[in-house]
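Novice: Grabbed the feature section from TrEMBL, which reads as follows:
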type	residues	note
TRANSMEM	12-35	transmembrane segment
TRANSMEM	47-68	transmembrane segment
DOMAIN	102-229	domain 'Palmitoyltransferase DHHC'
TRANSMEM	137-161	transmembrane segment
TRANSMEM	194-222	transmembrane segment
Amino acid sequence: MLVLRLLNVVAPAYFLCISLVTFVLQIFVFIPSMFRDPSTTPLFSPALLHGALFLFLSANALGNYVLVIQNSPEDLGKDFNLGKGAEVADWLDGSRSPGSASPGTHFCRLCARVTQRHDHHCFFTGNCIGSRNMRNFIMFCLYTSLACLDSLVAGMAYISATLSMSFADPLAFLTLLPRSISQFFSGALLSSEMFVILMLYLWLGIGLACAGFCCHQLLLILRGQTRYQVRKGMVVRARPWRDNLQEVFGKKWLLGLLIPVQNVESSYRRQKEK
């Protein structure tokens with residue numbers, strides 16, 4: 001448990017450090033290097049177009065990251081009579097919920113709260129993912145993946161121009177790291193160039209991981225399930241996939257796709273108001 005609590009603190013700091021390094025490399029290294037191309041006009045310069053794209057992706061990723069934390073799942077434990085003894089123990093190990101709770105309601109040990117439609121605990125946000133912040137979490141994963149892949153392409157262009165190498169051969173990227181390590185220890189490669197090369201593989205890993213996680217999460221939403229329900233083997237009521245999507249993304253889904261906006265009200269709150 002102590003290791004999980006430590007990870008819950010270290011992971012967000014790690015994410016913010018990677019984000020800061022990516023922003024600095026893009027703004028102060030990659031984009032300025034694109035201005036050296038004299039064949040393009042300033043209005044349609046690749047540097048300006050790429051810079052605008054990167055800022056758009058970064059703003060959406062960071063905005064949804066903040067909203068995931070801000071829209072923390074509300075603690076429903078105060079609204080239920082949890083009782084004492086065995087019933088509290090069942091809540092602590094997540095084996096069952098009180099009769100008044102909806103399916104998938106779960107007590108998280110790290111957050112110390114009862115969340116509705118609990119999906120999982122995200123260590124990179126230090127927060128539980130539930131019905132209130134699911135849409136923002138998916139948008140965060142999507143734009144983080146796109147920002148990493150955008151940085152990967154820009155970094156490969158920078159390395160290609162700096163080291164006068166071509167990535168036309170698919171094996172060139174796979175063999176880049178071992179060749180770079182050998183050149184670095186022989187003194188033929190600068191430490192700054194070696195750092196950019198290491199970041200290329202980090203961006204690739206984060207981008208693919210976030211993309212795969214986003215696709216898996218969308219598949220669960222289409223089926224009307226959460227990861228917690230799948231892990232516990234809970235049976236959910238079959239509904240049309242359009243209703244499942246609308247429950248998470250709302251009717252104004254296009255607005256949330258383009259700019260970070262607050263998630264729709266949870267179904268629990270709508271039921272409470274009625």
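Think of each number as a place in line: the chain as shown, counted from 1.
Backbone N, Cα and C atoms are what each Cβ position is placed from, and that goes for glycine too.
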Novice: Please give the sequence-distant neighbours of the transmembrane segment (47-68): residues at least 6 beyond its ends with Cβ less than 8 Å from one of its Cβ atoms.
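Specialist: Same-chain residues near the transmembrane segment (47-68) but 6 or more away: 15, 19, 23, 26-27, 30-32, 34-35, 122, 125, 127, 129, 133, 136-137, 139-140, 143-144, 146-147, 150-151, 154, 258-263.
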Novice: Take the domain 'Palmitoyltransferase DHHC' (102-229) and count its residues per DSSP category (helix H/G/I, strand E/B, coil), listing them in that order.
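Specialist: Secondary-structure breakdown of the domain 'Palmitoyltransferase DHHC' (102-229): 80 helix, 12 strand, 36 coil.
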